[in-house]
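**Q** Reproduced below are the annotations present in Swiss-Prot:
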type	residues	note
TRANSMEM	17-37	transmembrane segment
TRANSMEM	69-89	transmembrane segment
TRANSMEM	102-122	transmembrane segment
TRANSMEM	139-159	transmembrane segment
TRANSMEM	165-185	transmembrane segment
TRANSMEM	204-224	transmembrane segment
TRANSMEM	254-274	transmembrane segment
TRANSMEM	299-319	transmembrane segment
TRANSMEM	358-378	transmembrane segment
TRANSMEM	383-403	transmembrane segment
Amino acid sequence: MKGENINNIHLVLKKMLWTSLIVFIFLIGRNILIPGVDAKQLARFLNNQYLLQIVNGTTGGDLSRMSLFALGLGPWMSATILWRVLTLIKRFDLKKIPIERTFLFKIAIAIIIGFIQSIAIISNIDINPKISIFAQTQFGAMATISLIMVSGAVFLVWLSNMNEILGIGGPTVLILASMIINWPTNVSLYILENVRSSLDINSVILMLVIMISIVFLVLLTVVVQRAQRQIPIRRILVNNNFYQQSYLPIQINPAGGMPLMYSMTLLVLPQYILQAVHYWLPNNVLVENGLDNIAITKPLGVTAYIIILFALSIGFAFININPDQIAEDLQQNSDYIDNVEPGDATREYITEIVFRLSFVGALYMSLIAGFPLYFGIIDKQYTQYALTAGSIIILVNLVINIIDQMKALLTKNNYSALFFE
């Protein structure tokens, strides 16, 4: 047992070293700036783009300086959701496609989305048309910068896959690193703005309220993430001394923080598309109205965000907890739930529980990170606060997931004598 513990510690240390190397490469990429971009104009463009700023931070991107990894994992995350939707359409029969080809299809979709996003961003800023010998015109410069941004996004997908194989946390580590880097900067900017605009008693009280709210939200997120519905399981092959420890745990919020990341990414995608179209059709009234109405500070944009968030909260619950697989595993191991027949009845029972819990989780997400955005329609400052609440939930969930993965690795192969010989 002692030798197994040492091996587990060595495994965790090895994976942590790989993750450290991958994060180091990620940080280098964030500091490789794309030439020919007007940084001041980019900052002005991002100034009122609250959702874009938050999305950029929660996908590992860095638009503030237009670096190699400016797009982050946003295109890949959007492609993953779109592919998941396509697999639900039975006519396409995409579930039978091999994993290798599925990955290539998702990469292709991510590249298309990446080009749309890069063009949408570049079209709002001035660029130097002579950034290289291959780009002597405005169009050539845009194409070159777009290619660099998309290449960085694809490399980031590969980097996250390497961390999934060799390190700890997969792509979540890169997103976590990005959020940790961005947070001190955003907090310091907020404090400086208040100091410059005369730091009075009201500003001090507001900052104290914000700090207390952040602490409360962190504690609430931890409690919700750790809360479980435990379904007792009878295990025929397990020693009766351990019977009371046999249960199927299902989180109260089965989807975790993933719906927040993906809902933000999906909501910003139509904005990118309209921004790109607006570049080619600058005087089109429909495009301008669309851009104005789907903003996160408008009723339509907020409502769309809440609907997407609610739907993804239920969808991700069934991705994280597969009732079909659980029912099959229980039946194969001769285990069963009290008063529930093995097989289809068990699957339906677990499906019902997951749906109920996911509905509760969806309401929780909507109330904490969705409905407060309606206050931003009155005052845009509240939009920033509401989106920050969502990013806190994401941050806490990412940290919890990484800690759980490390615990699982440390206790790997540590089994008690549960089974009869």
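From the backbone N, Cα and C atoms, a Cβ is placed for every residue, glycine too.
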**Q** At a threshold of under 8 Å on Cβ distances, which of 102-122, 139-159, 165-185, 254-274, 299-319 pairs most often with the transmembrane segment (383-403)?
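**A** Comparing 102-122, 139-159, 165-185, 254-274, 299-319: 165-185 has the most Cβ pairs near the transmembrane segment (383-403).
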**Q** Considering pairs 6 or more residues apart, do the transmembrane segment (69-89) and the transmembrane segment (358-378) have at least three CB pairs under 8 Å?
**A** no
**Q** Quick test of the contact rule: Cβ under 8 Å, at least six residues beyond the ends. What residues does that give for the transmembrane segment (358-378)?
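**A** The answer is 50, 217, 220, 224, 251-255, 259-260, 296-299, 302, 305-306, 309-311, 313-314, 317-318, 384-387, 389-390, 393.
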**Q** Quick check for me: are there 3+ Cβ pairs below 8 Å between the transmembrane segment (139-159) and the transmembrane segment (17-37), leaving out pairs under 6 residues apart?
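**A** Judged by the Cβ rule, the two regions touch, with the required three close pairs present.
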**Q** Counting only residues 6+ away from its ends, which parts of the chain sit with a Cβ under 8 Å from the transmembrane segment (299-319)?
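**A** Contacts with the transmembrane segment (299-319): 51, 81, 84, 253-256, 258-260, 262-264, 266-267, 293, 351, 354-355, 357-359, 361-363, 365-366, 369-371, 373-374, 376-377.
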